[in-house]
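Once you've had a glance at the structure underneath, I'll fire off some questions.
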Amino acid sequence: MSVMGATTLVQTELFQQLLDSDEGELSTVCYRPEGLDRLVQQTKFSKKELQVLYRGFKNECPSGVVNEETFKNIYSQFFPQGDSSMYAHFLFEAFDTHNNGSVSFEDFVISLSIILRGSITDKLNWAFNLYDLNKDGCITREEMTDIMHSIYDMMGKYTYPSMKDSAPMDHVDSFFQKMDKNNDGVVTIEEFLETCQKDENIMQSMHMFDNVI
Amino acid sequence: MATGVAAWLPFARAAAIGWMPVANCPMPVAPRDNSKRQDELIILNVSGRRFQTWRTTLDRYPDTLLGSSEKDFFYNEETKEYFFDRDPDAFRSILNFYRTGKLHYPRHECISAYDEELTFFGIIPEIIGDCCYEEYKDRKRENLERLQDDQEENKDMKMPNMNFRETMWRAFENPHTSTMALVFYYVTGFFIAISVITNVVETVPCGSTANQKDMPCGERYTVAFFCMDTACVMIFTVEYLMRLFAAPSRYRFMRSVMSIIDVVAILPYYIGLVMTNNEDVSGAFVTLRVFRVFRIFKFSRHSQGLRILGYTLKSCASELGFLLFSLTMAIIIFATVMFYAEKGSSSSKFTSIPASFWYTIVTMTTLGYGDMVPKTIAGKIFGSICSLSGVLVIALPVPVIVSNFSRIYHQNQRADKRRAQKKARLARIRIAKSGSANAFLQSKRNGLLNELLELTGTEEDEQKLTKSTSLLESQHHHLLHCLEKTTAHEFVDEQMYEQNCLETALQTYPSRSPSISSHDSSVGTCCGRRVKRNTPLPNASTPSAHPIPTHQGPLQELSAIHIQCGDPPSHSTSRSNLNLKTDDSGRINCKGGRITTAIISLPTPPALTPDGDGLHGPPQRRPSAGTNIVKVSAL
């Protein structure tokens, strides 16, 4: 009986605490973007496109900013079979240009503008920025391995042919073989740009998503 | 893919730019958005109340009425709006579903009306959000029970063609079905009462005769009581046998509690008949008579309340057990204390700790018989502490237990419900997840089939196959396709993956082909080198295009058989083997242990084979001349 009595006591205590906390201020972040016109100037999107983008953005993140959790959650909905959290993390780092742990609508739209409406050099720069995890201007083998692992993780377990553990590493090797011209173990931005601009496939695929919006 | 985040698909696709520089192969072509309409406002007029929303909001769920072309049936040309003659209040939650992706169930709505609205608008109720799902399910269950009760009442009226056995069973279960059943019910009740009263009266001392002392009536009127007992037992036996005969599932009936009670009630009589007046076993025989009192439990069939009580006790057993345990602890503690306190006094009744148990129980339950009382001061002190704590320990929990009964009983039911619902909901979510993955695999196959039929089939076949996937779906599939290209692996479903694992485990010879064919450079196979390293080679037939044997459905997986043979295989043998091995899809054909099987699924879509090779579906890998390993496709 004593145990039962104790539990009811604890319950009332918790309830009291809940009531008390209601009096405190709720700290929700509410962020509004700058005016539509300013965004039209800053990005290469038209007014209508920005409107559509913002509506979708605000629908999923009513508070106006995306934090990493929501970002990962949204991205994982598109890849049900694998684990996209690592790649989403890298993406988040690339989108979060101010490094404050959240992506506001401006960050979002500016990055999208580069990806979708930028020149080929801008796009390649953005991709390089994504791969360069510590933003030091060159891609090391470890950074590329992390990226590659995250991409392969998105495939999940059920693939054909069976995913070997060495598959990402092999891919990294082939990437470095292609990109690293002076064989110094890192890929600099110049090497990256040079190699990509010479590769037909990459050039073509960079333009593939231009009409996504 | 949860269509609630459909608005973020453009972002996900744009983010795919991160894969482009690392991919080694060209990417598939993106689906084109042919209907480049500007987003417009749609007016939905529901019984006079106008709702407005964007067209893209409604397009998020293309398999509902509002998201598909079905709403065109409700389009009003003059007013340029869609008119629905339905309840506007319920429509609010339906429209909110499109806006937020979550369907809520308003509590004030009637459950059947809400269900009807959902069915009308083509929304399955399973997607009701977590916040409202439990309430919805509860109300639905109550409604269902109500309907079932109504149905049962009607059912009792009809049932024309039941056989005799079923009629009997129904009569036993529900005495109100017919007068015979009612008569049977009362007769058995009467005899149960007679039997119990007989057992009781048997032990009452009747008047004494002249020469003997008071005898219990049982011993005085032995014959009469024996006849009474026999009659009751005969009735009970007949009843039991009839129930056994009528039961739909005899085995289940024999296991049920009521039938066990029946058996226990009549068994002592038969055992007593069998046993003779052996002096040794008559003691045991007497104890058997005790079991006759269980006949009173037969009243449970007659009383609903007894059944509910029994069930409640069963479900609260754990709580009662715990209470008993804590009481036992208290009893042991106080008995020990009293024993040691009273050890000193002479002629103490507290001879041992177990003997003190009796005192403790009697004191704690405030009975206080007075047959054992402490005599020492310490004993009295501890005795009073014992009785005070007894009041607390025993008197208080009784109302708590009563309220706990109802609370725990309902809570248990709710917890079980929630657990069962949780399992079902997790299964639902899993199905939805695998559904979207399967949708991609399905569309891949359809894409292949499409290509196949383009060349070999007729127009009608192709049109039959082209499912109307929404633009959203095709864009999502294109995204997944790009990922496949980047990593040079394909998505497969679980079964295929397991088959592949099985096959690789079964391979006794390495499938690595030493020499790559000269056709390696053909752009047909994407990432040809990598793929060839991992997969077995196709048959060594010449690369001339030969159409797929028509009996092989292109949707089926092919199992390939490695035949390690020294001589170069001829085209014809492989061909004949193709036809031969059609039947032994599962069997491993071990010709001297040199043949292993492997399964290849359908490879990359023929859209990537620009060369007009008619080799669609399997096997697309170019053959290698002069290799030792021959792959023969077989089903």
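Cβ coordinates come from backbone N, Cα and C, glycine included.
Unlike curated records, TrEMBL annotations are generated automatically.
Grabbed the feature section from TrEMBL, which reads as follows:
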- B:1-16: signal peptide (SIGNAL)
- B:38-107: domain 'BTB' (DOMAIN)
- B:180-201: transmembrane segment (TRANSMEM)
- B:221-241: transmembrane segment (TRANSMEM)
- B:253-275: transmembrane segment (TRANSMEM)
- B:320-341: transmembrane segment (TRANSMEM)
- B:353-369: transmembrane segment (TRANSMEM)
- B:381-402: transmembrane segment (TRANSMEM)
- B:512-522: compositional bias 'Low complexity' (COMPBIAS)
- B:512-552: region 'Disordered' (REGION)
- B:602-635: region 'Disordered' (REGION)
Based on Cβ pairs under 8 Å, which of the stretches B:180-201, B:253-275, B:353-369 lies most in contact with the transmembrane segment (B:221-241)?
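By Cβ pairs under 8 Å, B:180-201 leads among B:180-201, B:253-275, B:353-369.
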Under an 8 Å Cβ to Cβ limit, what residues of the same chain, 6 or more beyond the ends of the transmembrane segment (B:180-201), are close to it?
170-172, 174, 217, 225, 228-229, 231-232, 235-236, 239, 289, 292-293, 295-296, 298-299, 302
Let's see if you can do this one: DSSP helix, strand and coil counts over the domain 'BTB' (B:38-107), in that order.
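Taking the domain 'BTB' (B:38-107) as a whole: 24 helix, 19 strand, 27 coil.
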For the domain 'BTB' (B:38-107), report the average pLDDT of the model, please.
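Across the residues of the domain 'BTB' (B:38-107) the model's pLDDT averages 88 on the 0 to 100 scale.
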